[in-house]
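As recorded in TrEMBL:
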DOMAIN    10-289  domain 'UvrD-like helicase ATP-binding'
BINDING   S31, G32, A33, G34, S35, G36, K37, T38  ATP binding site
DOMAIN    290-594  domain 'UvrD-like helicase C-terminal'
REGION    679-723  region 'Disordered'
Amino acid sequence: MNAHETALLEDLNPPQAEAVLHGDGPLLVLSGAGSGKTRVITRRVAHLVKVRRVFPWRILAVTFTNKAAREMRERLTQLLGAQANDLVVSTFHSAAAMILRREAEAVGLTKSFVIYDDGDQLNLVKRAMRDTGVEPVMQPREILHRIDQEKNAARLPEDMHVEQEDIRGQIVKRVYAGYQKLLRAANAVDFGDLLLLLVKLFRDRPDVLERYRTRFTHVLVDEFQDTNPVQYAFLRQIAPPPSANLVVVGDDDQSIYRWRGANVDNILQFPMQYPGAKVVKLEQNYRSDQNILTAAHEVISKNPRRMAKKLWSERPKGENLELMLHRDERAEAQEVARRILAVQREGFIKFSSMAVFYRTNAQSRVLEEALRLARVPYQLVSGRSFYDRAEVRDASAYLRLMVNPRSDADLLRVLNVPARGIGDTTEERLTDFANEQGLSLYEALGERHRIPSLNATAQKRLGGFHQLLQSLHAFSLTAKDAAGAVDQMLKESKLVESLVADGSDEALTRAENLKELLGAAQEFDLKRASDMVAAAQAVEAREEEAPEGVDSAPLTADVPPLQAFLEQISLVGEADAEVSEGRVALMTLHAAKGLEFDAVFLTGLEEGVFPHSRALKSEEPDGGEEMAEERRLCYVGFTRARKRLFVSLAQCRSLFGELKYNPPSRFLADVPQALFGFKENDLPPPPRAAAMPQRRRNWDDDETGPRVDRSYSQASSDMDGVGGDVRGMRVRHEQFGSGRIVAAEGSGPNAKVTVEFGGNVGLKRVIARFLIPG
Ligand SMILES: Nc1ncnc2c1ncn2[C@@H]1O[C@H](COP(=O)(O)OP(=O)(O)OP(=O)(O)O)[C@@H](O)[C@H]1O
Ligand SMILES: [Mg+2]
């Protein structure tokens, strides 16, 4: 073993090392959370390059988010130095986008195609519905969802098999076909197209496929449990069974993207698809304290149809899990803020090592408010929120028109932004004319003198807009960097100027955001310049020439800067925001996968919130696949925590404008009480059902329900008559020691107070006069 090899294997356990050292042929690493799967991928890549002397440009490593890709690349730079810049480390979508751009002509696009997002897609679906004249029996949203599903399943309209009597299916098929036509005419693709078009291209053009197959001799995939059929089809093309060097790592228990077409069968059936694949199981968890692991295990083990897995840890038992009960979502948010501060002060855990999770984005607003008030520095991890702002979308539309004036959806978006007096009638005449003549809107603008019944003013205004677009397009052809192009666009379009002229606070904030977009472009340029230098150095530093006829050029090579910037914007995902140092991260459970934190707050553990109401409506026994997926999501949430896990719930919550009294989440009942530090005798008697008449379902009536339900149903019913002021207060009791008030009933010295005491004492109900503050 040489020195490189020793260093790379040093801190790996035997099965991890086995996976890193595995020779040629397919390999599946299947194991539970925190067992070092991602570490194995990174090490294996480094090992391939350093020890087995595989050219870095032959390696394609696919991760789930751009953020994960960035982190993996950083890690690899530490291990490999400049050579890391010759690797392709990316998400499925950006790998597909890079390849598609190189092969654009072969799929009927030009290199400057733009990528449409969800909002653009919806507009396009509406247009396609109008164009195809389908009966308006389906909502555009629903049709779009079905189209996305078809794309995830690798089906174009002509591949759809729809029965004649399936009216809705027929509608989807027709609109889908019209929608694809509109995309192609606009020289645009949507997210789903990136992989779908590539898979089709590889299928129809074996010569193109062969080039990439010959190039990428090693393909590695993290979070494989969440691949969808079209992604898997791509993998099978580029790394075909039975013998390609395809390494996939994942955990069937963490498959949480079924709603995006992910199919957990991909991982379960991998050994069948790649017969002879080596399977390595990792069983030691390095992340979480034992109590957390036990809780996670108890929750996930209720799922049917899992691959049997063991997971053990040498880590200590750790602290108890903490159960936090609240009157409503505001009290919950305040208490989360308070506990974060306490954990930071007393637990010596940095803000940046803490995270707050929730099931749906809508829950974040109240949490944000409470954190702001409590002066807890936090950051919302929702990568798209900035780019989804109206003014930023307007600016992006202009930028995309700059590189691709044929993009009709973008043109319509900014036709009258900032206001230039182009009204609905003019817009209608323009689009009708374009449709009749088979022109893009931009081309129609050029022919505007032929548009019937347009008066001179309308002509003039359209002319002005046409000129603006022409000028911007011309500028983009010679732009040397993205920031220059953004700056020019902001000036010429007068987007900032009009907002500043408006002068309202809101308009000024919007103007600030546009300047931030310019800042993002500047940052992008700097990064790109250094990446390009690095890539060139990596090519220069190659010790050997690529074999004759093998394509070894960097995948991103010749994309103009503005276009590269736009592509980066389009591919920003929900989980991609970088959390700055010193801040607590707030995110949905879905965005949390792959991450780890010292302390985790999992909020909203109520039936109908988490598990999501959708899963409750499922007609299958026990909620079927939907419920199983919620359970996996809970497992993902728990296993992000290293040392402290707080789970919280509210007795009533208003969400989506409705006030709901939901019973506690079933997942709480699966956690053994001892892990919360409760002892059997601590539990107060169950409350009278009449005390909680508003509940839709009374979990206390459920005789089979686990006892832990009773403890917190009691505590939360206690809160009915009390203000939130004493809760959370620190108190001392002569016999039980110090603790914190969880709930109180009545007021004054005879109030009955439920206190969570430290040590092994746990939850107790005592009379207030026996307590002293502190
Ligand atoms: N052999 C090891 N020795 C010490 N620490 C390790 C070892 N393997 C992994 N770790 C650490 O354990 C933690 C979890 O590793 P990693 O993120 O790779 O796990 P994972 O299996 O990918 O988890 P997840 O299922 O959540 O994606 C990381 O902090 C990692 O550095
Ligand atoms: Mg991982």
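Note: Cβ is positioned from N, Cα and C throughout, glycine not excepted.
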Nonlocal neighbours by CB distance (under 8 Å) for G34 (ATP binding site), same chain, sequence gap 6 or more: N285, Y286, R287, S288, E596, T639
Fewest other C-beta atoms within 10 angstroms, as judged across S31, S35, T38, which are the binding-site residues: T38
Cβ contacts of K37 (ATP binding site) (under 8 Å, same chain, 6 or more positions away): V29, S31, D222, V249, G250, D251, L282
Non-site residues, in chain order, whose CB comes within 8 A of the mean position of the CB atoms of S31, G32, A33, G34, S35, G36, K37, T38 at ATP: D251, L282, N285, R287
Binding-site residues (G32, G36), the one with most neighbouring Cβ atoms at 10 Å: G32
Three-class DSSP secondary structure - T38 (ATP binding site): helix
Neighbourhood of ligand 2 - binding-site residues from A33, G34, S35, G36, T38 with Cβ under 6 Å: T38
A33 (ATP binding site), number of other Cβ atoms within 10 Å: 24
